[in-house]
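Trainee: Pasting the relevant annotations from Swiss-Prot:
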type	residues	note
DISULFID	Cys45-Cys76	disulfide bond
DISULFID	Cys55-Cys66	disulfide bond
DOMAIN	42-84	domain 'CHCH'
MOTIF	45-55	motif 'Cx9C motif 1'
MOTIF	66-76	motif 'Cx9C motif 2'
Amino acid sequence: MATPSLRGRLARFGNPRKPVLKPNKPLILANRVGERRREKGEATCITEMSVMMACWKQNEFRDDACRKEIQGFLDCAARAQEARKMRSIQETLGESGSLLPNKLNKLLQRFPNKPYLS
């Protein structure tokens, strides 16, 4: 285990409650947060799409010969769309456990921090 440097030991020796690190900006919360990027969702229904395209290739791109595969792909796409819709509803209702950035910015604008220490 490394021992602290002489400079750090001397800084703590004079006043043990004084922090050793000196920030270059005051430690005050900002009045807004940055917009986070939405996570990219994973691709859905890849297997159904590949089965449908393989069927099209075998049957010279005739839809009537591949009705079962096309219907399977459309059903999977509809289920994925419903899942995305339910996830977005849960996020807007705040069931995810954290506030969205735009709601947090509105709260921070209503109760701004002082730009100075009092």
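Cβ coordinates come from backbone N, Cα and C, glycine included.
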Trainee: What is the total of other Cβ atoms whose distance to the Cβ of Cys45 (disulfide bond) is within 10 Å?
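Mentor: Other Cβ atoms found within 10 Å: 18.
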Trainee: Rounded to the nearest angstrom, how far is the Cα of Cys45 (disulfide bond) from the Cα of Cys66 (disulfide bond)?
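Mentor: Just about 16 Å between their Cα atoms.
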Trainee: Restricting to the same chain and to sequence separations of six or more, state which residues have a Cβ under 8 Å from that of Cys55 (disulfide bond).
Mentor: Ala65, Cys66, Glu69
Trainee: Which residues of the same chain, at least 6 positions away in sequence, have a Cβ lying under 8 Å from the Cβ of Cys76 (disulfide bond)?
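Mentor: Cys76 (disulfide bond) has long-range Cβ partners Thr44, Cys45, Glu48.
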Trainee: Which number gives the other C-beta atoms within 10 angstroms of the C-beta of Cys66 (disulfide bond), all protein chains shown included?
Mentor: 21
Trainee: Where DSSP helix means H, G or I and strand means E or B, what are the helix, strand and coil counts for the motif 'Cx9C motif 2' (66-76)?
Mentor: 11 helix, 0 strand, 0 coil
Trainee: What does DSSP assign Cys45 (disulfide bond), in three states?
Mentor: coil
